[in-house]
Amino acid sequence: MQPEGAEKGKSFKQRLVLKSSLAKETLSEFLGTFILIVLGCGCVAQAILSRGRFGGVITINVGFSMAVAMAIYVAGGVSGGHINPAVSLAMCLFGRMKWFKLPFYVGAQFLGAFVGAATVFGIYYDGLMSFAGGKLLIVGENATAHIFATYPAPYLSLANAFADQVVATMILLIIVFAIFDSRNLGAPRGLEPIAIGLLIIVIASSLGLNSGCAMNPARDLSPRLFTALAGWGFEVFRAGNNFWWIPVVGPLVGAVIGGLIYVLVIEIHHPEPDSVFKTEQSEDKPEKYELSVIM
């Protein structure tokens, strides 16, 4: 017989446990996206505020990519660790996730990114205030707005910027589909987040020059909104010839195109697995971690 205190503790724990699968998945997406932004934008903040002494392009590319991997490790077993509205949209379109979940996933992702940006702002508040004499600037050598959101290179047109985001996210989704395709080479179970992190390093290193390679509406729009409210002002939405919508719409289009390409060029041509193979797959890989459910 357990002590009375232990029984009370157990009852309290039981009261905390969520019964709704959707609620669990929503919280998972919130936490995963929060971690992505804190670690990812934290890498950018360290590089910018130290004026390159404690980071640069390499640390930002690697750090942000590993932030994605760590976020997927946190959320992957519960919600799949989409941490990206573009990914969630593609999964619904291609039957990997039910449509009614989409607004919950997307809302959690945007909220997690906003809270993550606020956390980075709080951690580096003194550094931000001393960096440009207390000014929060969007352009110039003392600009700090790009710690939180992406901005285009001076030469970049809106048409080129849109194509940039479509293509980058298209490639992201093609390879993510491949990583989780059990009938392709795939990745060893448990190493999928690392594979995705390496993928983002490659994309950021090859396609990041134009505008920073956001590929994620929540990662860009929520921190941008935070900066508008935190002191940079709503000029963050007008900067770059009203660039703000490009990292929102471009990834959504690119994700759909990328998923469609993989399905049409690779997935539908796989031979149907026999019943033994199906049984082995169901035993080796729980449904919650399959591409059809999480990615």
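The backbone N, Cα and C atoms fix where each Cβ goes, glycine too.
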Asn242 vs Pro271, same side of the membrane according to Swiss-Prot: no
Maximum Cβ pairs under 8 Å to the transmembrane segment (244-264) - stretch from the list 25-43, 58-77, 99-123, 161-178, 191-207: 161-178
